[in-house]
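Record features (Swiss-Prot):
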BINDING   ASP486, ASP492  Mg(2+) binding site
DOMAIN    553-612  domain 'KH'
DOMAIN    622-690  domain 'S1 motif'
Amino acid sequence: MNFQTISINLTEGKILVFETGKIARQANGAVLVRSGETCVFASACAVDLDDKVDFLPLRVDYQEKFSSTGKTLGGFIKREGRPSEKEILVSRLIDRSLRPSFPYRLMQDVQVLSYVWSYDGQVLPDPLAICAASAALAISDIPQSNIVAGVRIGCIDNQWVINPTKTELASSTLDLVLAGTENAILMIEGHCDFFTEEQVLDAIEFGHKHIVTICKRLQLWQEEVGKSKNLSAVYPLPAEVLTAVKECAQDKFTELFNIKDKKVHAATAHEIEENILEKLQREDDDLFSSFNIKAACKTLKSDTMRALIRDREIRADGRSLTTVRPITIETSYLPRTHGSCLFTRGETQTLAVCTLGSEAMAQRYEDLNGEGLSKFYLQYFFPPFSVGEVGRIGSPGRREIGHGKLAEKALSHALPDSATFPYTIRIESNITESNGSSSMASVCGGCLALMDAGVPISSPIAGIAMGLILDDQGAIILSDISGLEDHLGDMDFKIAGSGKGITAFQMDIKVEGITPAIMKKALSQAKQGCNDILNIMNEALSAPKADLSQYAPRIETMQIKPTKIASVIGPGGKQIRQIIEETGVQIDVNDLGVVSISASSASAINKAKEIIEGLVGEVEVGKTYRGRVTSVVAFGAFVEVLPGKEGLCHISECSRQRIENISDVVKEGDIIDVKLLSINEKGQLKLSHKATLE
């Protein structure tokens, strides 16, 4: 293929340039996207599977090259290795945007790789990566039902901003990443500062207009330079297999949905499937293979659940369409933690724990924008026992990182600022049972743990996951979906917020056709569900506790001049280590001169503050100081009034009586009171002990 390029103008100064035919020409598809001086590359490759599977083995990896900003990784290892949390989150954004666009039962191993090769510090690469990956698939021979595009939306001074720059995003009250096709929304991820449902919908509609622009142009580009799609690896479910399974077990699948218990339901479903396989599976028959029969069972199970919901408005666990599962709450569940809550909603449960600490406890990270730290972070743990399984224990998976970050963003908008509450806050959400909506349980449990710890949040935050049944007869919205409804339904739309508005949201779908009208209904129904949950939370804990836990450290901050930071730290950190050893406190100093002092007792903090004030204090004429005599000479004594600041107390100012020998009055090492009389043009201090005796 020869070099090909197109430009798409989103708005003034924000242009996307797509290039192909120059780099990675052996890949099925490869595209470089430029915007400003940020360049993101994506490739798409696929190979046929040796064994058929009932899922799409799509692998998406996104990597930010430090060379893109003219940097090299710190430390001994200079090569990019294990993906960072941010890279994992962007990989998930790309994956969730693309996955719905692949045809059902595509038997190919598909890999999409995306690299940031140039970053100008302003044009953010996330939406470019979605567009680059979609364009690479579009011009490849890998089957794809529709072209996808992604954009980011910000809100500055109540005005929507398309693909905001890093500077613009810093002042935005909304951070929304949106992906979709020309006709539908496929993926949503964002957080905002207590937006109304109408504001969220307006932002989505604004973003989708730009998605349509990109998709239409990419469609023309695909027709110009794209390869013919290879459909040989798509295996539709044979109608005769589905018919045979229906005749064999329709009644049994209907009876299955009378079972409410998750484990009993799963065991019964497995037994039904095994009986069907025994009856219908034929050796050396590709049509009635185990692969096709199991797929038909899943389809029939889904169809049965949908029919029951549509015809009877009754769900698998017996709830109505809008009912939230029963909730129980126990705060202060763990006695020695700073704050804790056991939150149970149906068969989903989290033990949330809040830990308070100094800045030393903050989460440090390094990315293309440099080094940074987070003073609030939520970590989500999903052990295998939560679903009654045996599995690996180790570093967190992509799902755990994604769920934790969503809950973290939801709660972050209710937190006090550092000046009001100078603590680093860590929440861990330990999922101990799971049957759907564990990330939203983490929001509820995490909020209650914050309140139990005495963190003065602005308002309680709750979360709920909404589901969807979509067919030719219309759309049905489900509140607080279970794991089964997530698995067999068409949408997982998570919304978190308070009575003031929405703080975070995330949507994944399995079908196209999510319209603004459906989203409006889902948001309205979610608001009612969140309010119901907030009322229950309010009964358990109506406000943050007035006092911190007795086991939490005490933290106070003080402001010093940035020019005085060196005085506190000392050469090689000698001075600050001395203060820590002497008082037993923990001290953190930032570049702005904010000193954070933490300790288990107020007396230790006060002692450290006194030392620091002495180190950075400025002497004042007319003020009395208690100082140490550093040396004695014939004409007087030199007295240190503040660390590193000493002045001369002349022999005539040492006593109210005339003295011949100053050693008769003071000796080196004595502690005496002196008054600062004046400071000459050279900065020398004139002191008087006599003035303190009057």
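Residue numbers in this text run from 1 along the chain shown.
Using N, Cα and C of the backbone, Cβ positions are placed for all residues, glycine too.
Per-class residue totals from DSSP over the domain 'S1 motif' (622-690), listed helix then strand then coil: 7 helix, 36 strand, 26 coil. Taking each Cβ in turn and tallying the other Cβ atoms within 10 Å, the top scorer among the binding-site residues ASP486, ASP492 is ASP492. When the domain 'KH' (553-612) is classified with DSSP, helix, strand and coil residues number 32 helix, 16 strand, 12 coil. Each residue in the domain 'S1 motif' (622-690) has a pLDDT score, and their mean in this model is 88.
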